[in-house]
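Annotated features in TrEMBL:
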- GLY117, SER118, ASP237, HIS299, SER300: pyridoxal 5'-phosphate binding site (BINDING)
- TYR150, LYS266, GLY298, ARG386: substrate binding site (BINDING)
- LYS266: N6-(pyridoxal phosphate)lysine (MOD_RES)
Amino acid sequence: MIQTLLQLEKRHLWHPFTPMQAWCEEAHEPLMLVSGQGSYLKDQHGREYLDGNSSIWTNIHGHSHPTIHNAIRAQLEKISHTSFLGFTHEPAIQLGKALVDLLPGSALSRVFYSDNGSTAIESAIRMTLQYWKQNEHPERDTILAFDRAYHGDTLGAASVGGIPIFKGSGNDFGYRVVRVPNLEALDALSVDEVSRLAGVILEPLIQGSAGMRLWPKGMLKGLSQWCQQRDVFLILDEVMTGFGRTGSMFACQQEGVIPDFLCLAKGITGGYLPLAATLTTERVFEGFLGAGRAFYYGHSYTANQLGCAAALGSLQVFREEGTMETLSAKTASFTQHLETLREIPAVMDIRQCGLIAGVEIGPYAPELLMGVKACLAARKYGLLTRPVVDTIVLMPPLNISETELEAMFSAIRHAITEVIAQ
Ligand SMILES: *Cc1c(COP(=O)(O)O)cnc(C)c1O
C-alpha cells in the first residue's frame, strides 16, 4: 500500500522548492506524514518526530488540539465554505473583531481576508499603490523593501494578468521596487526617490527566509518614525512572526510600533487551515470609498468559513491556556539550550528571537549541502526541520514542553556532531 502510494507520488506529484530529480530517484523514500499529536508527527512506518519547525512555521499550539478540532467540527456541521464576494458570515465577523482586539487602541481597525502569506502581502501592496494613485499622491508608485527580505511567491501571477481592472493600481506589476540593505541606507535616498515612495515593507525584528537574521534593536521603531515623518505607509510582514512566535503576540509590539498594514497568515489558524488577513487603518479604508471605488482584488476562498473557525479556536487556546504567559520561561530555557550548542566547533552563529532560532554551521561551500545533511541526520534522532542553506531552523510550536525541548536539542546536537565528523 505504502509502496504503491509512493510510486504514484513520484509519477504524478511535483513539490515546491524541491529538486525533483533527486526526489524521484529509486533509493529516495519520501517521508509521508500520517498523523500528529501535540509537538509530534508520525510517519508511514509509525516513527515519531518532534515538529522542529512547526510544519514550516505554521503550527502554534501543537497538532490535533481538541479545542481547534472542535471549532472546525462545529463549523463543519453548518457549512464549510461560502463566497465572501457579496456575502458575509459569522466566523469572519467574529474573527475580524478578535484580530482587531489583539491590538487594543491601535489604528488597525479593518480586516481584509485572503488565503496565504503571499496574498496577505499582495493585498497590502496593492492597497498601498492604489491608495496613493487615487488619493493625494499619484506619483507614489514605488515600494521600498530590504535586502534578503522574503514576502512570498505570487506576484508574478499578477504581472501576466490581462484585465486592467484587476490590476488595481493601474500599473503593470512590475511596480517599482527600491531595495536597501538597512535603515541607515534610507538617509542616502535622494529627495526625488523618497517622493516616489508609496510604502515600505519589512519583516519586523527578524528576517526568516534570509536565515533567521535579526535586525538591530530599535530598527523597527526607527523605520516607523522615518515613514511617519514622510507619510509613507509601513507594511509589516508578520506572516512568520505573528501569533506569539517572537514572545509577544505580534513582533511590532516589542518596539511599540503600529504599522499601516499588518500582514498575517501561517499561524493565524494555529497552523490547521490556510487563511490570511491584512489589517489596515480607517484612513486607508476611507481612501477606497466614494462612487465607483473598490479594492479590485480577491480570491475564491477568501475568508473560508472553516479557516475562520479554526482561527477563532486558536485564539481560544491562547486565552484558555495562557499561552503568552508561558512564553518567557520557555524562551529562557530555549536560550539556555541554544547556548550549549556553541560548544560544537562547527556552530558559527546562533540567532534567536523568542521561540525562533537559526543555528548556523560552517563555513562550508553551499554545494556541500551541510545544512540539509544535518537536518536529514536529525530525522534519525527524531527531529524534523529544514535549513536555510547552512542555518538550521529551530521553531517549535509554542506548546513545546521542557522534556520535548531537551529531546529537540539532543537530536540536533547528535545530528550536527555526526555530519561534521564525516
Ligand atoms: C511564509 C512567508 C510568507 C509567504 O507565506 P505563504 O503562505 O507561504 O504564501 C511571506 N512572508 C513571510 C515573512 C513568510 O515567512
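Using N, Cα and C of the backbone, Cβ positions are placed for all residues, glycine too.
As the structure is a computational prediction, the values presented were derived from the model and not from experiment.
The shortest Cα-Cα distance between ASP237 (pyridoxal 5'-phosphate binding site) and any of the binding-site residues TYR150, LYS266, GLY298, ARG386 is the one to TYR150. Reported as a whole number, the C-alpha separation between TYR150 (substrate binding site) and SER118 (pyridoxal 5'-phosphate binding site) equals 10 Å. Using CA atoms as reference points, the binding-site residues LYS266, GLY298, ARG386 were checked against GLY117 (pyridoxal 5'-phosphate binding site), and the closest is LYS266.
Among the binding-site residues listed (SER118, HIS299, SER300), SER118 has its Cα nearest to the Cα of ARG386 (substrate binding site). Sorting the binding-site residues LYS266, ARG386 by the number of other Cβ atoms within 10 Å puts LYS266 first. Not one of the binding-site residues GLY298, HIS299, SER300, ARG386 has a CB under 6 Å from ligand 1. Within the set of binding-site residues (GLY117, GLY298), the lowest number of other Cβ atoms found within 10 Å of a Cβ is recorded at GLY298. When Cβ atoms from all protein chains are considered, those within 10 Å of SER118 (pyridoxal 5'-phosphate binding site) total 19, not counting its own.
Around SER300 (pyridoxal 5'-phosphate binding site), the C-beta neighbours below 8 angstroms that are at least 6 residues distant in the chain are SER83.
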